[in-house]
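Q: Okay, so TrEMBL annotates it like this:
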- 187-221: repeat 'PPR' (REPEAT)
- 290-324: repeat 'PPR' (REPEAT)
- 325-359: repeat 'PPR' (REPEAT)
- 360-394: repeat 'PPR' (REPEAT)
- 395-429: repeat 'PPR' (REPEAT)
- 430-464: repeat 'PPR' (REPEAT)
- 465-499: repeat 'PPR' (REPEAT)
- 500-534: repeat 'PPR' (REPEAT)
- 535-569: repeat 'PPR' (REPEAT)
- 590-624: repeat 'PPR' (REPEAT)
- 659-693: repeat 'PPR' (REPEAT)
- 694-728: repeat 'PPR' (REPEAT)
Amino acid sequence: MKLTRSQKLPLSSKYQPQLRTICGKIFPDDEQSDAQFVSLLRNIVRGKHSWSSAFNNPFITASLRPHHVEKVLVETLEDSRLALRFFNFLGLHKNFNHSTASFCILIHALVQSNLFWPASSLLQTLLFRDLSPKEVFEELLYWYRKCGFSLSLGFDLVIQSCVQNGRALDAVLIFKLMTEESDLLPETRTLSGLLNGLARARQFHKAVELFDHMLNLGLQPDVFAYTAVVRSLAEEFELGVELMNEMLGLGFVPSEAALSGLVEGLRKTGRELDAFDLVSRVGKRGAVPNLFVYNALINSLCRIDKRDEAMSLFKEMEMTGLVPNDVTYTIIIDFFCKKGELDAAIQFFSAMGKAGIKPTVYSYNSLIYGHCRLRNLLKAESFFHQMNEKGLTPTVVTYSALIDGLCKEGEMHKAFRLYHEMTGKGIAPNVYTYNALIFGLYRSNMISEACKLFDEMVGSNVVPNDVTYNIMIEGHCRAHDIVRAFKLFEEMIRRGLKPDTYTYRSLISGLCSMGRVTEAKEFVDNLHKKHNKLNEMCYSALLHGFCREGRLTEAVRVAQEMVERDVNMDLICYTVLIDATLRKNGVLPNAVTYTALINGLCKSGSINKAEVLLKEMLVSGHLPNQVTYGCFLDHLTKIGDLKSAVELHKAMLKGLLANTATYNMLIRGFCKSGRLQEAWEILLEMTGNGIFPDCVTYSTFIYEYCRRGDILEAIRSWECMIRKGVKPDMLAYSFMIHGCCVSGHLAKAIELRDEMTRMRIKQSRVTSDSLKGLQPLAKVP
């Protein structure tokens, strides 16, 4: 069928004469024809007729070139929406390949009309083309200048789009081209976004460079810019803190991410107190790090024994709206358990439950470990049963802690029952489990069983560590099997483990106990030649060996060598030499001499040697007095062995040897372990036995309450002391005044200071500094 004219040429009759003029050739090649073609296109675009019909004309389709589109876009700048429709029509319906220039013209036009979303969309498409950042910038700059656009936000948009597409380094290049090849400057928020993009890409050095460039250009960074740079300076802590201070000075509040990064960086490099100071300062501005960083910082402060700072952070959490979680509570519970302050640990455990936070296996592990460590096995077992009742599955850590506690108490039957229960549940023992059991077996003189368990351990592919070998070596030395001990020593070295002074001391003592003192001396000299550093404990074993054989001259020579080898003689070394000298000169020690020697041994931690000396004292017919037993009692309370301390004190009571000083030692031990209620019960027992407390007794309670921040209980203890007619001394006043100052009870502190003056009690340095808020509470001597 023959088509009608209108069907063959649907173009409006309005444009037909114009079309015939300019389409004499399919590809116009002169300027006049080109201008006429562009005019035609402009009229089509601005007209009300269908673009589809117009562009279906083969002459237009064949003649259309990118530079024609560019000119049409330039001539429709005042109507950027229309220009965008035309651009999209050609691309979507005619599959037209637009030039970079067309993209740049339209991007600028859209930005001038505040149409940022479509402009950004165009930029995203443009950036996916095979163009360098420099080519994009130069084209944008050319059309920006040629068209005389008033707003330069198109360049900001390029930087933002590069950042969004993970091309932060390309964005940096665009910024440099802007500042170096034109007088254009991006907005501060654009550069803040770029800085954050660099930080996310871990281009920290580039971020700092860009920040410096901003400042040199006179641009004022905003809070987001500072935040990004602080994050980038996670390893340049001094500069990071300096910038954070600058932010705070400008009234900016750092973001959680920036603060968290800087705090975590300081913490990881051992600058926990700097991190704490930073958190405290920014906390006043309402900024807090995230919960993970907060918990990590509290944990680090606990590890370096900064109790006040850790507790301060915990209290600040609630004030800043950051809710402590199970990890937070477990960190604090674990800290108090390791310090032996079990009352405080249990208080936090209870608070955890009241806060609606379910206890975890980790918090129970800490409580079980803490009670086992202080030999309170009944309480430890109670927590073990409690966690089972709550449906929590004990771990190898749980079982190992209980097994260790039982082994140290000699409860080997119960320890192995737990061991079999554990393995029966499919929980594999670790090196700590085996170490505890092996130690218990040696202590119970079950040498062959210990060796079998060691073989079982190795057969189970559990690798022995240096502690395992030290236990084994010491056990065989005590059993006088020195050959086996040295074989284990050699095996330890073959396994790549490094012997320590504990290893050497056991071997030296083992040789000396078998009368092989000369060999022990040769062993020590060989170790010295190999540059193995020995301590005073190793040498004291050798001194004891020579002195026991009456070889005092050689013992003195060893003491001289100690000085030459830069090893300090301790109380044990002097005690051994003094005892040997007395015996050589026929001067037999009496009760006073024995007590002095025992005191030196107990204070240096050599309790086994002190016990040997006590037995010798009894055999020689000298009866120990309250001072002698007090040496042992003091040692037991200081190491937290309260069970043994109580048993010893009961024996002293039966022998009428208990007095105020011995009760004070016992009370101090319970207070130090956080068992204050039991300490008060001991005080009641003390008065019931007709022994009166003194200032030291009450000062012990006051100190512990002040240290815990429980000033009201400290004041009650103070008032109780006064009612009993006990006069406070300088130390008691010092504790109370400091506690009142720290807790904010300044009126009470001043009252006590004035009372000191009236009583003519001289103020200590701690007291005067406490009133200035300078000095931390001193430790109880």
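Placed from the backbone N, Cα and C atoms, the Cβ positions cover glycine too.
Predicted automatically and left uncurated, TrEMBL annotations should be read as such.
As the structure is a computational prediction, the values presented were derived from the model and not from experiment.
Map these features onto the structure and tell me what's around them.
A: Within the model, the repeat 'PPR' (187-221) carries an average pLDDT of 66.
Across the repeat 'PPR' (290-324), DSSP helix (H, G, I), strand (E, B) and coil residues number 26 helix, 0 strand, 9 coil.
The repeat 'PPR' (325-359): residue composition by secondary structure is 26 helix, 0 strand, 9 coil, according to DSSP.
Using a Cβ-Cβ cut-off under 8 Å and counting only residues 6 or more beyond its ends in the same chain, the repeat 'PPR' (395-429) has close neighbours at 361, 364-365, 368-369, 371-373, 375, 377, 380-381, 384, 387, 436-437, 439-441, 443-444, 446, 460, 462.
Away from its own ends, the repeat 'PPR' (465-499) comes close to residues 431, 434-435, 438-439, 441-442, 445, 447, 450, 454, 457, 506-507, 509-511, 513-514, 516, 532 of its chain (Cβ-Cβ under 8 Å, at least six residues beyond either end).
Helix, strand and coil counts from DSSP across the repeat 'PPR' (500-534) read 26 helix, 0 strand, 9 coil.
Secondary structure of the repeat 'PPR' (590-624), assigned with DSSP and counted as helix (H, G, I), strand (E, B) and coil, comes to 26 helix, 0 strand, 9 coil.
Nonlocal intrachain contacts for the repeat 'PPR' (659-693), taken as residues 6+ away from its ends with a CB within less than 8 angstroms of a stretch CB, comprise 336, 339-345, 374, 626, 629-630, 633-634, 636-638, 640, 642, 645-646, 649, 652-653, 700-701, 703-705, 724, 726, 780.
Outside the repeat 'PPR' (694-728), and at least 6 residues removed from its termini, the chain residues within Cβ reach (under 8 Å) are 311, 344, 660, 663-664, 667-668, 671-672, 676, 679-680, 683, 686, 735-736, 738-740, 742-743, 745, 748, 777, 780.
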Q: Is the repeat 'PPR' (535-569) packed against any residues at least 6 beyond its ends, judged by a Cβ distance under 8 Å, and which are they?
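A: Answer is 501, 504-505, 508-509, 511-513, 515, 517, 520-521, 524, 528, 576-577, 579-581, 584, 606, 609.
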Q: Below 8 angstroms Cβ to Cβ, which residues of this chain, lying six or more residues outside the repeat 'PPR' (325-359), approach it?
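A: Sequence-distant neighbours of the repeat 'PPR' (325-359): 291, 294-295, 298-299, 302, 307, 310-311, 314, 317, 366-367, 369-371, 373-374, 376, 379, 387, 390, 392, 640, 672-677, 708.
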Q: Restricting to the same chain and to residues at least six past its boundaries, which positions have a Cβ under 8 Å from a Cβ of the repeat 'PPR' (500-534)?
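A: Long-range Cβ neighbours of the repeat 'PPR' (500-534): 466, 469-470, 473-474, 476-478, 480, 482, 485-486, 489, 492, 541-542, 544-546, 548-549, 551, 554, 558, 565, 567.
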